[in-house]
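Taken verbatim from TrEMBL:
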type: TRANSMEM; residues: A:6-26; note: transmembrane segment
type: DOMAIN; residues: A:11-83; note: domain 'Glycine transporter'
type: TRANSMEM; residues: A:33-50; note: transmembrane segment
type: TRANSMEM; residues: A:62-84; note: transmembrane segment
type: TRANSMEM; residues: A:96-117; note: transmembrane segment
type: DOMAIN; residues: A:100-171; note: domain 'Glycine transporter'
type: TRANSMEM; residues: A:123-144; note: transmembrane segment
type: TRANSMEM; residues: A:156-174; note: transmembrane segment
């Protein structure tokens, strides 16, 4: 298989689905949910952002149209169940949770931007779609378990996605070849998110 | 009127709208809302799941397109107002609430599966649509009144809908005549839900 | 410019976007959010109702399709940032907040009714769209910051929008010229809302 033949959307989508299914399932375990709650929250976190994205651009969500997305999400939940039994200490601050969540954020920001281009939305629309796709699943999951969504608790949760969306636009405007804008977007989201976690970045109060 | 001429969707839809409008209005009374809140929560519970279902399969929601759904929901709210004054004790655990909620869950799981078939979604998509249509209205209502949605508090709220969705798929695959898969789905959701309530079924903790 | 040439939707939309961006940003400041939270809540409050409205009638949301809505929302957030530093006392009950919120409610009820007519929905559908467009953005914002939405806490938040939607229908049925039904709707929503705040109107308990 030649690299040029790889569909950037498909790669980012599978990575994001797996990472967010793991992050969502770990979050459910942290909240003390039982095995059904763990499965539901893993699936909702994995499928929520992309389904919202597809509804916004007025197309049948990929999560409903084919069996692929749900299958990948269930594999992710399975991996999380194995992981849960080997984790020690608070799941909320565990590197396994924070890293899988950051990977999901990065990959889904890229899928949001790619779908925005396909749907012919405005530049703002592309940044909005990148951000909503990235933070959507986790926010729905937080609301379901009665928490204020992380997107409002943590300054650098949506901010990295906004930065990634803008980088995607710039790379496209500069004529970067297929796959480069989305890879750059994902890499930047991940880097900014991990740095923000490591150095506890905060935005100023009003 | 010959039974074969009855549209399974229309029957299930009216039953579900009435039952969920009653359940939603009773839930609002239980939460101490005033008459406007009771009306809003009844209507939202009745129309919420089906509207979400229609948005997901990319069609104009039946709740907006015609006056029928809203009219039935308002009749349900009216019935609930009569009922509220004759109920004694906690509404939350009252058989009138639990039974109307279970009927709504059953009928709407069937409408979700039927719409999924029409929209040409995948088998997973049909189970997802059956589940979202069944639990959607009650979950939106719970979030509006600041409760963790019952779908996450009670293991056997979404589980019956999943079971019913799978039964619908199996009946269709076996070539059951029109109306049988949806009737089987609804009957199974109702039975599993009522048994789970009666015997306080729980899924194992992770 | 002749008044007859002004698009009623465009006018109501810009007024609503500005007013709700200000109201949402003030609400975020009241809730103690930082500058990013203020921006997000302002934008979500401004764009949330209209985006929900567009998704419901099955069209690409105006907030994504073009840069205009986001630009206006950001101007509103900027105005709010200036305002925040000159406000004294509790933002929640401040006339600046309550008035901008009432203006947003009024203008967006009118846009909801206008889009409903375009989409060919039923009379009930027009009242529902007017109401959801009016209360949608503020409700999403409230849920994001973990509050019970004002639509359920305050009887006369959705009620004015319902009244305005009905007035819109009546004016249209009586053959009022373009722009009159929406202007009447907005004026009535604003008047009812401000009177309800001034005289602390309540609906009776069940």
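Yeah, the Cβs are placed from backbone N, Cα and C, and that goes for glycine too.
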- Message: Please determine whether the transmembrane segment (A:62-84) and the transmembrane segment (A:6-26) are in contact (criterion: at least three Cβ-Cβ distances under 8 Å, sequence separation 6 or more).
- Response: yes
Same-chain residues at least 6 beyond the ends of the transmembrane segment (A:33-50) with CB under 8 Å of its CB atoms are 13, 16-18, 20-25, 27, 61-63, 69-70, 72-74, 76-77, 80-81, 84, 104, 108, 111-112, 132-141, 144-145
When pLDDT is averaged across the domain 'Glycine transporter' (A:100-171), the result is 92
Summed over the domain 'Glycine transporter' (A:11-83), the DSSP helix, strand and coil counts are 62 helix, 1 strand, 10 coil
